[in-house]
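Working notes for the structure below.
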Amino acid sequence: MRILAGLLLGSSVALAALTLLRVRARRDQSWHSGLPVFTLKNVNGMEVQISAFGAAILNILVPDKKGNRADVVLGYDTVQEYETTTPCTYFGVVVGRVANRIANARFTLEGTEYRLLANDGPNCLHGGLKGLHKRVWEGRLIRGADYDAVQLHYDSPEGEEGFPGTLHVSVTYRLTRNANELTTSIVATSDEATPVNIAQHSYLNLGGHASGPVLSHLLRLHGADHYTPVSPSLIPTGEIAPVAGTPFDFTAAEPGSALPAHSIGSRIDEVPGAAPGGYDHNYVLFGMGPQVGGGGWPKLAATLVDPVSGRAMDLFTTAPGVQFYSGNFLDGTIVGKGGVKYGKHAGLCLETQGFPNAVNEPAFPSVVLRPQDTYRHELVYRFYNV
């Protein structure tokens, strides 16, 4: 059932404050068949648009080193494209109940085997065909002391896409008024034990979504000295391997670089077994801390730099892993915003998450949420120029 979002401002708000809020955070219902788009702006010229469909980030506009703004996330112009484009690209949406892959679309929990909808060969990817990314969320605008925010909510019923329990999910996008900082907070509770691993799936291109491949972007994954190797079908083998001496090492600078990072394209052809070529791997962050119940304050996980525009972004998270995906399956047939054709490596994803297939790998940090617990996952995009 599609639930149209309501705008909550409070009856005691003065007219002047109401006008200010409308400038910085407004709802536009003209987009995709009456479903609302929430627009957040700050005093530095940063602008973020959020859709009730899939809780998707539609646009992030930030200035470059010359003050010129560009939209730095890939996406579509209409909700119909988000709904019907196949294969699904997951541009900007929230994915779950369980992000990434569950091997053979099945798992056993407390003695019961659950069979899920397989949508990636024999595997379940990003929660199934109609996971959180294909649902309409209820939303409202919130004004805080130093931020404006959009809070979205969705109740996933028992058995949706094969998962046990009724899951109550809240996603809050918060834009700081005086800093170019976007925080995503994800909270979930369930009435039964169930796996939960919810991720934000934006494709980033700091040169602007229409600027072509991101191979010259510089990436550093802070302290990510291990990763989880995968099979040809991109299911983790269960091993946790060191990145040292491999093309997966983004912990330091490449030779001759003035910045402490590696260019994405410098070793991409050396990545083994990743048809059609590139990165699509989970990196271990912060020593594999637990996710259910929260991971404390967000820690610096990644730094991304576009040397051409000067735009840079720090990524902070509470999650134990981050999936680095280099847009390998984009092939030029996907037509995005403004008619732009997104070719291979036109954007990259840094999906903070629990480990893929963790529900079937006892050695991985648990992603099982129980009724007495609360799932919490926070990530922060902090934009600046170098």
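Cβ atoms here come from the backbone N, Cα and C positions, even for glycine.
Remember, TrEMBL labels are computer predictions, not curated facts.
Feature list (source: TrEMBL):
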type     : residues                                       : note
ACT_SITE : His201                                         : active site, proton donor
ACT_SITE : Glu351                                         : active site, proton acceptor
BINDING  : Asn100, Arg101, His201, Ser202, Tyr203, Asp280 : beta-D-galactose binding site
SIGNAL   : 1-16                                           : signal peptide
Worksheet item: If you draw a 10 Å sphere on the Cβ of Ser202 (beta-D-galactose binding site), how many other Cβ atoms land inside?
Response: 26
Worksheet item: Around Asp280 (beta-D-galactose binding site), how many other CB atoms lie within 10 A of its CB?
Response: 20
Worksheet, complete the sentence: If you measure between the CA atoms of His201 (active site, proton donor) and Asn100 (beta-D-galactose binding site) and round to the nearest Å, you get 10
Worksheet entry | CB within-chain contacts under 8 A for Glu351 (active site, proton acceptor), separation at least 6 | Val95, Ala99, Asn100, Ala199, Gln200, His201, Val322, Gln323, Tyr325
Worksheet, complete the sentence: Taking all protein chains shown into account, the Cβ-based neighbour count within 10 Å for Asn100 (beta-D-galactose binding site) is 29
Discussion item. Can you give me the same-chain residues 6 or more apart in sequence from Arg101 (beta-D-galactose binding site) with a CB-CB distance under 8 Å?
Written reply: Asp120, Asn123, Cys124, Leu125, Ser233, Leu234, Ile235, Pro356, Asn357
Worksheet, complete the sentence: The number of other Cβ atoms within 10 Å of the Cβ of Tyr203 (beta-D-galactose binding site), counted over all protein chains shown, is 25
Fill in: C-beta crowding around His201 (active site, proton donor), within 10 angstroms
24
Practice prompt. Using only the residues recorded as binding beta-D-galactose (Asn100, Arg101, His201, Ser202, Tyr203, Asp280), report the maximum Cα-Cα distance in Å, whole number please.
Written response: 18
